[in-house]
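Accompanying notes for the structure given below.
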Amino acid sequence: MLMAGNFCRLANFPWPQPAANHRGARRGSCSPWRFPSDGRPSEPWAFRCLRIARPSAISQGRSVSCRASEITADPGQDRLMKVPIANIRNFCIIAHIDHGKSTLADKLLQLTGTIQKREMKEQFLDNMDLERERGITIKLQAARMRYVLESEPYCLNLIDTPGHVDFSYEVSRSLAACEGALLVVDASQGVEAQTLANVYLALENNLEIIPVLNKIDLPGAEPDRVSRDIEEIIGLDCSDAIHCSAKEGIGITDILNAIITRIPPPKDTAGSPLRALIFDSYYDPYKGVIVYFRIVDGTIKKGDRIYFMASGKDYVADEIGVLSPNQLPVNELYSGEVGYISASIRSVADARVGDTITHFRRRAESSLPGYEEARSMVFCGLFPVDADQFPELRDALEKLQLNDAALKFEPESSSAMGFGFRCGFLGLLHMEIVQERLEREYNLTLITTAPSVVYRVNCINGDTIDCSNPTLLPEPGKRSKIEEPFVKIEMLTPKEYIGSLMELGQERRGEFKQMNFITENRASIIYELPLAEMVGDFFDQLKSRSKGYASMEYTFVGYRESELVKLDIHINGEPVEPLATIVHKDKAYAVGRALTQKLKELIPRQMFKLPIQACIGSKVIASESLSAIRKDVLSKCYGGDITRKKKLLKKQAEGKKRMKAIGKVEVPQEAFMAVLRLEKEVI
């Protein structure tokens, strides 16, 4: 009887005559033969595999021998073959959101045979459902490809980068790990703000840039116009720009040939002390932190003791390998190669993006330049709707922080919403992603407070306090000035919408810097404005006023002194801390008026008159009052003297006064949630 893993000779194989008990054999038998009702055994699965794999040998009646492991041989082993350093190319793809970066990466993987057709799916390198739904790259990936040009094998390392401004530091570290970049521009939309930002980052890292005009198959594509725009705006020569359609597979071979011929190879510094740049890391529940790196100098072997120069930690490299795009272990990597390392690292904070890896005993003299600590720019409070979910929220944030070192959080309590966390994020998109992942992956229902920024408070005694929560702001008598973060924002827009976007910049306390017509029909408008004015609905307003045609890019420029005040909300004379905000003096009245009017609609009426006030210190700047629920005490007085009626009304008024003095108002949670939504709109 044939077994699955044994050698088999199938030519001229005599059919076995089934015994009587074969027809009634019990189900679940592990025999590879199946006997139908006619008594003749059907074709075994091993024969079918060989007939498909080696049809010529079987058809000619020759003897064929194989192992099952040969049938399922790993197709990625050829990518582990070493090539000279001169045949290595490290490149990345930079593009604005929705210009076809992930689709182009898919086609490169498919054409080079890195991914088999049966394994292929759209946005292959985007692993999270959130990335696929939004069409953006959140977590960068790397892939090693093997490509043969003129009988010479080449190793191509693709580093896929996020496209959003919130992750600009990760993009800069990915660019530092490359020698070249594909600049992908939509042939119908043209140059956008994020395209410019990433190109400038690439030029700072002295990368060879290859312009690629994507989506040329669209009816509205204008590759000639877009080529002129790139030459005028960026200054790149587009005479040899590649026209392609990643969706249709047009021009993909030209891109691969250009990567090999135009991007320089890495320098051969294998004999120098090890220096490797970390460009990404993530937490694996079984192996610990997996670090993605590019070796700049030296070599690394499995079992080496390594040292992280920024964090000061040392570990033993249990496993090293390459990403193709799945992890393939190897024994050694040398300068110019991109790979991963597993060393039982327990925290992502020990292997931060931008850190330098070197040998513990033979350390490099200096680390690679460009390392920075992640800095939180936007803060908000996260509270569970159900107070019993607080432990689950804490565990979920701790697990997310294992993969995201930029996420900061600390416990916070609120009289209105109970226990929660004050969280710091890189930007608004980062905040949305974390919130959505908490709700999806951990089944939590959350209340999110209005996003705020970190204010710098200079006290009279010389101390400087970073304040992200209005309740922690020192008293007016103890502080000398308050500084707020400013950003430089560049808006690219068609000339028809220049006026409306300049009006938006002025409304948000922006300081106009310059305006340039980058082409005949498109202009660049640069403003410097407070980050607090941008964390609300600025982007929505930008798209609304330009009918979706404008795009923006911003960078942090520093802290500046501003006339900021703390706006408190008092209900029945008692301050409600969760509704306190820090606003500019000129906007305080408008914000206070909007909040008091909204609270008047939402708070239920009480048995006594209820004042709702917006205050700056002890000064009331906006006020609304909620009338009391009155019992008609005069209903039984159908006649008689007026003094009787006055006596009853006076008695009622005294009761209301006493009730107001000792009564407490409970603001319903729905009112808080509605006011938080309002704060996001008006602040």
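Each Cβ is built from the backbone N, Cα and C atoms, and glycine gets one as well.
Database features, via TrEMBL:
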DOMAIN    86-267  domain 'Tr-type G'
BINDING   95-102, 160-164, 214-217  GTP binding site
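Recorded features from TrEMBL, shown on the structure.
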| residue | record | CB count, 10 Å |
| --- | --- | --- |
| Ala95 | GTP binding site | 25 |
| Asp98 | GTP binding site | 14 |
| Lys101 | GTP binding site | 28 |
| Thr161 | GTP binding site | 26 |
| Ile216 | GTP binding site | 19 |
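Computed over the domain 'Tr-type G' (86-267), the whole-number mean pLDDT of the model equals 81.
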